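K.L.:
So TrEMBL says this about it:
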type	residues	note
BINDING	V121, V234, W511, H512, G540, P551, Q552	FAD binding site
DISULFID	C448-C503	disulfide bond
DOMAIN	279-293	domain 'Glucose-methanol-choline oxidoreductase N-terminal'
SIGNAL	1-25	signal peptide
Amino acid sequence: MGTIGWWKLFGAAFAGILFFHGFCASENAPNYTFMHNATSAPPISYYDYIIVGGGTAGCPLAATLSQNYSVLLLERGGSPYGNPNISNLAAFGTALSDLSPTSPSQRFISKDGVINARARVLGGGSCLNAGFYTRAAPYYVREVGWDGRLANESYEWVERVVAFEPPVKQWQSAVRDGLLEAGVLPFNGFTYDHMHGTKVGGTIFDQDGLRHTAADLLQYANPNGLTVLLHAPVHKILFRIKGKPRPVAHGVVFRDASGVKHRAFLKRGPKNEIIISSGALGSPQLLMLSGVGPADQLKAHNITIVLDQPLVGQGMSDNPMNAVFIPSPAPVEVSLIQVVGITQFGSYIEAASGANFAGGSPRDYGMFSPKIGQLSTVPPKERTPEALAKAVELEANLDEAAFKGGFILEKVIGPLSTGHLEILTRNPNDNPSVTFNYFKEPLDLQRCVRGISTIEKIIESKAFSKFRYDSLTIPALLNMTASSPINLLPKHANASTSLEQYCKDTVMTIWHYHGGCQVGKVVDHDYKVLGVDALRVIDGSTFNYSPGTNPQATVMMLGRYMGVRILSERLNGDTQNN
């Protein structure tokens, strides 16, 4: 098919508790006797640890602490088990496109105009993502100050349950070989490790295409030491202030699905703590709702100030993602992220492919679909609900050939550009306002340009020739991507003339946002909230920049790592006191 034809088409130690690897895929509910709906909770209860957020960090943290202490894990969403839209690789994107109040995904739009999502389900983002599993670089572990041996042991603890080697088929192999031709060397084979060059990473989808999430790590829990409450959004942390040199966290207020208020308190004991693991939006939001944050914001919402902490909600970052769609004359397999190119210049190259890009219907672009808010057709600020609806409608009417091919994407390392978060209401179920300032720092933009240039080399490589039409030039592909599935008159009609402009106009999220409670600013290196006692934050909100090519492995590792650290500290303290 010639270029004009294509334009018509597109332009329009606890291991013993785990009985065996893969004990439960996420479609089958495990027998978690400790998991209940919050409506069954008593009005008042007491625990050694209260963890707010049963997500990617909260689940491994709770499983670990439950070995020795009583733990309450409060999750605002429901269970991932029994939901095929979560568990099946073939349904990827369906949960992200579900905008109902009970959806495991909650959509938000940053002030930059980029449409995004946050998790609302036990297991957090690991229930929604594209499944890629890869560790942080050794230098990242060193710079953050983690103990290398314990970090490795913690990764391995996670991997025994949720990590697998993906089946690399023709299209992903062509991307792999194209990366090597483009000079992203050497080839490092299949590995979870982060190193320069091209590699095949892990996946949380098993051989049957079933997703394994952070919720599966609760298999490690001591069932007598853990209580998990679902549909239990926490409205505030309670502090003791009178007669104390510093505010001391001692309880939480949460509501169940019926709106009934419950209180949970820490048992008496100097080491007992509340730990927030609510994610990069939820953790700074909850601190503010509890009176810890910028005084002017708290006053504006009539929130009693516990601690004026202007850095809560600062340092928000989202790694910009940009992609190029390549229609294929040859059939391609359905694949999510499997191969990654880790460049020397600060860009990661990844790819997804298939007749539906592992989306929930044959007419879908999966992780690049307007159904889940991904719309590169127009610059970010113009991505209105109307524009999305129009794109979804036109996507449904495209010829089937329009969905045969794949996307090659690049993600900027870091990033250097940062923004901030502000609360809009006192309701923890409402999204806060967040600004990421994509490409505010020139180096982020330079890295995107070099990443897109590398994608061009992959497309033009001998290895990839089978999966592209000779008649489609690189500029044509860029313009096609920038105007697909419907040309809504982007600001810059010929996006391919400037890669800088292409990066700005087609920027999307890869859902790796972080910050808001950063180490050294809001929490110390033990993740204790500065200025108050008995309160920590342990999740991706503490990151200054995103770990590895994809962060979920490290967020799960961090939950386990800090659980072990906390148990060790208590054990050593008890030994010294005896």
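We number each residue from 1, going along the chain as drawn.
A Cβ is built for glycine as well, from the same backbone N, Cα and C atoms used for every other residue.
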K.L.:
On the 0 to 100 scale, where does the mean pLDDT of the domain 'Glucose-methanol-choline oxidoreductase N-terminal' (279-293) fall?
P.N.:
98
K.L.:
Could you tell me the C-alpha distance between G540 (FAD binding site) and C503 (disulfide bond) in angstrom, no decimals?
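P.N.:
Between the Cα atoms of G540 (FAD binding site) and C503 (disulfide bond), the distance comes to 25 Å.
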K.L.:
Would you count the other CB atoms within 10 A of the CB of H512 (FAD binding site), including those on all shown protein chains?
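P.N.:
Step by step: centre on the Cβ of H512 (FAD binding site), count other Cβ atoms within 10 Å, giving 25.
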K.L.:
Tell me, how many other CB atoms lie within 10 A of the CB of C503 (disulfide bond), whichever protein chain they belong to?
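P.N.:
For C503 (disulfide bond), the count of other Cβ atoms within 10 Å is 24.
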K.L.:
I need the CA-to-CA distance for Q552 (FAD binding site) versus C448 (disulfide bond), whole Å please.
P.N.:
22
K.L.:
Could you state the whole-number distance in Å separating the C-alpha atoms of C448 (disulfide bond) and H512 (FAD binding site)?
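P.N.:
The Cα atom of C448 (disulfide bond) is 16 Å away from the Cα atom of H512 (FAD binding site).
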K.L.:
For the domain 'Glucose-methanol-choline oxidoreductase N-terminal' (279-293), how many residues does DSSP put in helix, in strand and in coil?
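P.N.:
DSSP composition of the domain 'Glucose-methanol-choline oxidoreductase N-terminal' (279-293): 11 helix, 2 strand, 2 coil.
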K.L.:
Just counting, how many other CB atoms are there within 10 A of the CB of W511 (FAD binding site)?
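P.N.:
Within a 10 Å radius of the Cβ of W511 (FAD binding site) lie 23 other Cβ atoms.
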